[in-house]
Amino acid sequence: MSMALKQVFNKDRTFRPKRKFEPGTQRFELHKKAQASLNAGLDLKQAVQLPHGEDLNDWVAVHVVDFFNRINLIYGTISDSCTDQTCPVMSGGPKYEYRWQDEQKYKKPTALSAPKYMSLLMDWIEVQINNEQIFPTNVGTPFPKTFMQVAKKILSRLFRVFVHVYIHHFDCVSQMGAEAHVNTCYKHFFYFVTEFSLIDHKELEPLVSICVKDSNRQKLLYLCMHLFMCAWFQKRDFP
């Protein structure tokens, strides 16, 4: 799937430099294993499952970095159409607004334009994944107890990029003929985060609630609703 994305999107337009794994490390081997499963056409639900004998933290860390690279590539390619003028507020449709908050300059949730939000988000994620105290790269170095909490926050915020691109910039995706590739990337992301309960289901609501008319978006709506309902039923306890 990564090769397909590179063929459709302009790899030179990546919003942030691609993060790579150090050859010879356990994380690099896990990354190759995950890519081999995808390239072999393995069902996405199976591809996201934790390989036997592997550590969950390592598996999540590999996918956090991989999804950062993929979503970074998608947004970087359509970023010319996402400006302070076209997207003065970072949102996921008319009912959902995403406000930025960090522990530095924005200590309270702050309304920002979409490109400003994206820039801060990608900077923030880079800081997290480059922090050896959070994403250790040396074999034998334990992950901190807060790792999953940080990973969940990264993935929740990355999902908002999907939401914004789908709802506000789908025309650009369509013009590039990239719907199938982006949908596959979305499904891969969705199956992974639901497999390990890494994002709150309320984050999925914007894509489920959109009402659109053209056929391509209608297909997307059906896809989102199907995935959302599958996840909902999986989490419900019925007598």
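Glycine residues also receive a Cβ, built from the backbone N, Cα and C atoms like all the rest.
Keep in mind that TrEMBL annotations are predicted by a computer and have not been checked by a curator.
Some features that TrEMBL has for this protein:
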- CYS82, CYS87, HIS164, HIS169: Zn(2+) binding site (BINDING)
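Its own atom aside, the Cβ of HIS164 (Zn(2+) binding site) has 24 Cβ atoms within 10 angstroms in the protein chains shown. Its Cβ taken as reference, HIS169 (Zn(2+) binding site) is surrounded by 21 other Cβ atoms within 10 Å in the chains shown. In three-state terms derived from DSSP, HIS164 (Zn(2+) binding site) belongs to a helical segment. Close to the recorded Zn(2+) site, the chain also has ILE78, SER81, THR86, ALA114, PRO115, VAL165, HIS168: residues not among CYS82, CYS87, HIS164, HIS169 whose Cβ is within 8 Å of the site's Cβ mean position.
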